[in-house]
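Asks: Below you will find the structure I want to go over with you.
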Amino acid sequence: MSILSGKKVLLGITAGIAAYKTASLVRLFIKAGAEVQVVMTPAAKDFVTPLTLSTLSKNPVHSSFFDEEDENAVWNNHVDLGLWADFMIVAPVTANTLSKMASGNSDNLLLATYLSAKCPVYFAPAMDLDMYKHPSTHETFDKLISFGNIMIPAEAGELASGLVGQGRMAEPEHIVDFLEKDLLSKLPLKGEKVLITAGPTYEAIDPVRFIGNHSSGKMGIELALAAANLGAQVDLVLGPSSLKIDHGLVNVINVVSAEDMYQAVVSLYDRCTIAIASAAVADYRPKQVASQKIKKSDSEFSIELERTKDILKWMGEQKKHQFLVGFALETENEEENAKNKLIKKNLDLIVLNSLNDKGAGFKGATNKVTLINHKFESKAFELKTKAEVAKDIFDEIDQMKRVADLATNG
Ligand code: CTP
């Protein structure tokens, strides 16, 4: 899945011959799962038609503040466009528009949108080689970069003038590649290795029976997806769950019992930087596992149970550089019990869900959590989808890690 999936892309097109390539660029964005809106300078319409772009982007194309020929024209709000976008890319951008962007000129909708955009702005210049080489053009590039804009350099090749050299707008595939790499490198969890335990465990009684629980694994799977979408590499140690996850950054290790889960965690713990135990691990397992199916009889039957290993407690004892997060599912004295677990298991953060809250806990698609950190500061959240809860948890981890890094590195 491309990192562009679900992203809101605002494409600004100016009047260069390379504008004809933006039809392919829009197609590539759409194929990657992005939403696209196009804003063009009036002169850009001579190079590629708004109809082509609106058809490909599935959105109206904007090129003026309002349509002068339409009596019922509505104001094209440049501020709204700028706020809507996750990022803006101006491609191709001519020397003329570049210098206006650098000087703060806003005599068309594209420039007004650029000036009011709060999102990152990329620009892909296109011009003839001598214009590209000109010191004033380079001064403009430097100025735009110093404002925080990101340049996608022009490529070398044959130019519209017939001359050969640098100045061609980067090919649409290269632009998409550049954007994907740049966005990935800036994700907040880039470089982090996240270990997550999730789902139930099954403890065998005999070859056909087990002791299990109702955990679906959904919370852990959402945590894995959220971490991967934020750029982390994820090891997901997943107990028996009917749910599937498919993401290039998530490595799924399927396990069955608490012992399997423990062994998997032991082998992966050293290399992780963040560990989250969301699994509903059986606390007990049958002391003896019958090798054949147990036959019923008329007398009563009992199974002797023994403790499984507390995986999270082990992680707390072995903790070196890891940021450790546990879950607590409570029915009474919720905060106090959660705080005790936080200390006992040497955690940095605990996610408390109370079975007294409707919509919280095991099976459903929602959860209602309170996050408590090692200083016992707590944040209570509304009832949310498990995907949203996962994002809240990583926001909190990110903030706490930043504060800790600042304290260490000054
Ligand atoms: N946990 C674990 N290994 C176990 C048991 C629990 O890693 N054998 C983890 C869970 O994944 C969760 C946290 O520990 O993150 C829950 O703590 P626990 O003390 O087991 O609390 P409860 O399951 O709520 O049980 P109890 O209240 O009975 O202690």
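The chain as shown is numbered from 1 upward.
In case you wondered, yes, glycine gets a Cβ from its N, Cα and C as well.
In case it helps, TrEMBL gives these features for our protein:
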BINDING   Asp283, Lys293, Phe327, Lys341, Lys345  CTP binding site
DOMAIN    7-179  domain 'Flavoprotein'
DOMAIN    189-399  domain 'DNA/pantothenate metabolism flavoprotein C-terminal'
REGION    1-193  region 'Phosphopantothenoylcysteine decarboxylase'
REGION    194-410  region 'Phosphopantothenate--cysteine ligase'
Asks: Let me know how many other Cβ atoms fall within 10 Å of the Cβ of Lys293 (CTP binding site).
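Replies: Other Cβ atoms found within 10 Å: 10.
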Asks: Restricting to the region 'Phosphopantothenate--cysteine ligase' (194-410), what is the model's mean pLDDT?
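Replies: Mean pLDDT for the region 'Phosphopantothenate--cysteine ligase' (194-410): 95.
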Asks: Around Lys345 (CTP binding site), how many other C-beta atoms are within 10 angstroms of its C-beta?
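Replies: For Lys345 (CTP binding site), the 10 Å Cβ neighbour count is 21.
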Asks: Which one of these binding-site residues has the most other Cβ atoms within 10 Å of its own Cβ: Asp283, Phe327?
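Replies: Max Cβ neighbours within 10 Å, all protein chains included: Phe327.
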Asks: Helix, strand or coil at Lys345 (CTP binding site), per DSSP?
Replies: coil
Asks: Can you name the residues of this chain that are 6 or more positions from Lys341 (CTP binding site) yet have a C-beta less than 8 Å from its C-beta?
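Replies: Listed in sequence order: Gly326, Ala328, Leu347, Ile350.
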Asks: Among Asp283, Lys293, Phe327, Lys341, Lys345, recorded CTP binders, what is the largest CA to CA distance in Å?
Replies: 38
